[in-house]
Every structure is written in C-alpha cells, then in structure tokens.
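Novice: Below is one structure. I have some questions about it.
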Amino acid sequence: MEIDVLVEDDGWSALPDAAEIAIAAARAALASLGDEVPEGAEMSITLTDDARIRVLNREWRDKDKPTNVLSFPAAELPEGVVPQPLGDVIVARETVFSEALAEDKTPAHHLAHLVVHGTLHLMGFDHEDDDEAEEMEAAERQILAGLGIDDPYALPAEG
C-alpha cells in the first residue's frame, strides 16, 4: 500500500506531523476494510488551503465555497493490474483548524477524522441517505477508536 502526501500549503507547519497523521489515518481506514482493498492499492493525500479547495469544490461540485475534505475516486482498473490507484483525498487547513476549534477537538484528531472520511469515500462509502450515513459514521467511529480518537460525532458534554 503506497500513500503519497503532498503538503501544498506552508500553514500546515502549525501541525508539524500532519503528513504522518494523514498516512496513519488512511492506513487505518484501509486496514479496516481488509480484502476489499485491492492488491497494490495506492492513493494520494493533498494538504492544501481553503483557496485551493474552494476552486476544486466549485469546479467539481458547483459549490463556490471552501469545504473541509474532498475525495476523488480513481476509475476502476481490471483486477490484477498493479498499481491500483484508489484516488485522491484533499484537505483544507483553515477549515480543519477552525472546525476543530469550534468543535473542541484537536486539529490532529480532526485531520485524522477527515482523512478517514475521505478514504472511505474512495472505497465506495457515501452518506447520501440516512442508512448510508449511519454505516459510514459507524465505520469512522470504529477506525478512529483504533487510533485512540474519541467519537467525532458525539455532542460535547455540557457543563
């Protein structure tokens, strides 16, 4: 399994181990799927900024605003062709940091969650309806728990 990380935005230096966090999260997501991951699978993760992800979001989703993560699954190749590209996950720094602050999470944990989320999208998970969302969120919770990260969907405790 090859996972390439490109850090496009220097601001990610505020989280010095961002590339390692992203790789660990993607590996955990893929490991959770076992045999569903094709032999020779590879993917890329791009750590970018809000300006770049806004352009991509506008181009590919007709939404002219930044978002936290985008996933671009690769076209399927015949079985046995190696390498098997899974696709690309792109994460926006400013949105990750602002959401983490608003949700009382660490940026590292939020980044890991978004990479897990994006990687699951590459593997065919979706959240277009309630059943799909429940299945995807359950998978995310399990994967993140294995990384020592609390349930990202839990409401903060009042107090």
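Start at 1 and count along the chain as shown; that gives each residue its number.
Heads up, the Cβ atoms here are built off N, Cα and C, so glycines get one too.
So Swiss-Prot lists these for the protein:
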type    : residues               : note
BINDING : His117, His121, His127 : Zn(2+) binding site
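What's the neighbourhood like for each of these?
Specialist: Residues within less than 8 Å, Cβ to Cβ, of His121 (Zn(2+) binding site) and separated from it by at least 6 positions along the same chain comprise Ser71, Pro73, Val89.
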Novice: What is the one among the binding-site residues His117, His127 whose Cβ has the most other Cβ atoms less than or equal to 10 Å away?
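Specialist: Per the Cβ count, the most surrounded site is His117.
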Novice: Could you name the residues, excluding His117, His121, His127, of the same chain that surround the Zn(2+) site, i.e. Cβ within 8 Å of the Cβ centre of those residues, in sequence order?
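Specialist: Sorted by sequence, the hits are Val69, Ser71, Gly118, Leu120, Phe125, Asp126, Met136, Glu140.
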